Structure formats: structure tokens, C-alpha cells
Amino acid sequence: MTLERLQFDNAYARLPEYFFTRIQPTARRGTRLLDISPDCAELLGLDTLRLDDEPLRALMAGEQLLPGMEPLAQKYTGHQFGVYNPALGDGRGLLLGEVRTPHGPMDLHLKGAGRTPYSRFADGQAVLRSSVREYLVSEHLAALGIPTTRALAVAVNDERVQRETVEPGATLLRVAESHVRFGHFEWLAYKGDETGLKQLADHVIDRHRPWLRQHETPYAALFDDVVTRTAELIARWQAYGFVHAVMNTDNMSILGLTIDYGPYAFLDAYVPDRVPNHTDTGGRYAFDQQAGVALWNLNRLGNALMPLVEREALVTALEGFSSRLQQAFGAVMRQRLGLYLEQEGDAELCREWLTLLYQSGADYHRSFRVLSYYDGSEMQRARLAREIPDPAALAQWLERYDARLAEEHCPVEERLESMQAINPVYVLRTHIAQRAIEAAEQGDLEELALIRECMCRPFTPRAGCEAYEQAPPPDEAAVCLSCSS
């Protein structure tokens, strides 16, 4: 199917008009497509798109909408670094429309679409640096099995945008099941709009969770669903060493998706208190704080839903968060360690592995990948020892690991194949994302596409891509990033 034949069913645009502002995108001079995700195109049911596709270029330039689109900027609020901010909303992005797909309705959202009534003092633009980062990580997390918004394409334009420096302007075409955030509900609750709160909850249930309608208390069931999906999301972030870095409630998806990528990072060495955002001086959104912050944010959502849900039901759901997170985290980590029979000592074996990585300063991702080739041989022990420079501690852990593997009764080849299918070769570390940004700035679209291809097939080694497997040089490790985008 071609882009022009997409069918739209814009349910959000049928909500009360005060939920949003209808507004047209601002045209961007000299817009050029940089890269397109075939995986995301397939999700939408589209045929292969090319960089010379004029309807896509014109859409991302803000020059020409597709038939059936009804662009709008959504209003929401939220807690930012723990403080409620009533003056939020889509400040530079527009929900263009909702596409019917084989996988259900999908939002098309243009980031960098221009100023809106919710822009405050911002310019409504996106820059190339942050757009490339979001484009790549959206598709990478999806490939890792982490729930996320997606990105169909990224484009650069001739606008010059002032951030810390003057940067090239860009647009990003984001795809998601929904852009409804915790902050949408907070906005309605803080203004005392119980009718609007109910209308939004009904929209989410009917559009995205219709099976909850059969529940005796569907709004309580919706909150419980959000708690579960958020717990499972954070568990996967933690298992794969992902730091979101700006977990404000307006950046929390009601569907449990990773959304709004700013100064995110993946761990290099296993440093639990890693903070990649240079403005987060107190470490509120550090890697090891993400579970606690998610629960705090869920409490804010629960407060917003109190007009619709009995307090006891809210408390019960919230009390289940930690156990659901631990269960989900344990399941992923057992898979990463090649353990398929759940046993009582598995959590301790996992903690000991993480302690070993932390105390030895080993690289988080390379250690898991090398472990996925471990067959008990001296050659593989030596290979692990090159990654984990603490021979005595490694030997102690491998002794316990060998004993645990013996209880699996799983053929070694089968275990290794399964581990290699869940422990990535390629991870979008900060220095790799920076390499992609520089390629885009220099017009090297081949390298940008190659990095995207590696990140979309992260478990499969590719010849000639060894540089993307490596940990960063010491002077590029643990870099702090800016929120500006």
C-alpha cells in the first residue's frame, strides 16, 4: 500500500474540542529525507518507501497532508522533576491522524511541526541531533522487545535552530498506538473536570483496551492494566541497561510505551547510579531510581483517577507494582542468563552477576553477549576473563553458574542459541548515536542507514560493523547530555 492510500479514523479528534487545538503544520524550507525504517513501514502496512518519495517528503516538510488527516496539538500537564506544571501540551509536535493498520489504530505524529498554543516560549522546531537519536532508539528498542513509540522517518531541513549552539532543523514522523500520557489525566483532574476525565478514560478503553469494558469496574481495571504494563516496561529498561533520564509524568504513556526520548542512554559499564542528563543534578532519574520514580508517577495517575476509581482498588493495584516488576525483571534476566526453569536461587545468582560486573568495571552489554557463547570450555572462560578483569571473582561465579546450568538438562547448543537471540551484539550507546548524528550532518546516508540496520537487527552480527559492537573510548564513556531538542 502507498502512503496516499492510508485510511484514517481519527478518534481523538472526536473528543471534546477543548482537549486539543486544531492547527496546521508549519512548512520547513529545504526538507530532505534522511532515512526511513522498513520495519515501521511494514507495521503500517506500507510498501517499501524510498528517500525520493515525494508525498512523504512533503508531509514531513509540513507542506502537504495526506487525505483524511486532521492535525491537532494535544493539551496535557504533568509533574516535572516532582513539581506540577500546568502549562504543558504538544509544543512542537502534532497528531496528524490515526491510521487503520493490521495491528490496530496507529497515531502518526509529526515532531518539529511548528509552534502551537502550548509552545510557551519555545520555537516549535526539532533539531537534527535529537531527531536522529529518537529515530534510531525508537526502532532499536522495538527490536530489543521493549515497548516503545516507533519512528517511520527522519528528515533534515534548511532551518537553523538555536539551542546550545545553532543546529540544523529536522522533523521526525513518530508512530504509536496512542500518545495519551499520565499528564492528560492529571490535567483534567486538576481542573476538576470529572466529565472530561471519564470521556478520556472511555476513549482509552474503547480504542485500545476494549476487553476491559467487560470488567465489573472498567476504570479500576484500566488503572491496574497501566500499573502492570508500566512495571513490565521498567523491568525491560533495567534488564537492558536503558536510562530514560526524564521520567516526568507527561513523558509516561498510558499504554506502557517508552515515549519522549531526550538525554537517554544505555549503560556502558554497569554503574547503577548512572545519570545521563546533565540537568538532573540530584539524580532523580538515575538508572537505579527508575522503578521508584515509575511507582511515584503511578501514584500521581492514581490520584487523578480518584473521581472514577475507588481508593481501595487504586491502592491494591499500586501495592502490586513491585512484585510485578520483580517478576518481569526476573523472567528477562533468567533468559539472558540461559536459565529456563525458575528456581529459588536464580535471583541471587543474577544479583551476584551484576555485582561482579559492577565491581570489575566490566562492560554491561559485551559481558552478556560473551556469556551467551559460554559452553564451559577453557577457551570461553578465557574469553569471559578478557571482558571481566577479576579472575578470582569470575571463577567463583562461574562455579555457581555451572552448577545451576547442570540443573537445566538443556542441550548446550540450544541454550547458546537462545541466549544469542536475546543478548544483543549491537546497542545504541551514546557514542554510536553520535556517530549517526555526524553521518547525518555530513550527508553520509549510507552510514546512517547501516547503523539503523544494525540496531534493528541487534542480535545478528554483520560483517564490517565491528565498530558498532564496541564499548566507547574512555573519554566518551558516561557522557552527560542535554534535554534540548
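Cβ coordinates are placed from backbone N, Cα and C, and glycine is handled just like the others.
Automatic prediction, not curation, is the source of TrEMBL annotations.
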Gly89, Gly91, Arg92, Asp123, Gly124, Arg174, Arg181, Asp260 bind ATP per TrEMBL; candidate in Lys111, Lys198 listed for that same site: Lys111
Recorded ATP binding residues, Gly89, Gly91, Arg92, Lys111, Asp123, Gly124, Arg174, Arg181, Asp260 - maximal Cα separation rounded to whole Å: 23
Winner by Cβ contact number (other Cβ atoms within 10 Å) across the recorded positions Asp123, Asp250: Asp250
Chain-internal residues near Arg174 (ATP binding site), provided their CB is under 8 angstroms and they sit 6+ positions away: Gly93, Asp107, Leu108, His109, Leu110, Lys111, Glu134, Ser138, Thr149, Arg150, Ala151, Leu152
CB contacts for Asp260 (ATP binding site) [other CB atoms within 10 A, all chains]: 22
Asp123 (ATP binding site) and Asn251 (Mg(2+) binding site), distance between Cα atoms, whole Å: 20
All-chain count of other Cβ atoms within 10 Å of Gly89 (ATP binding site): 22
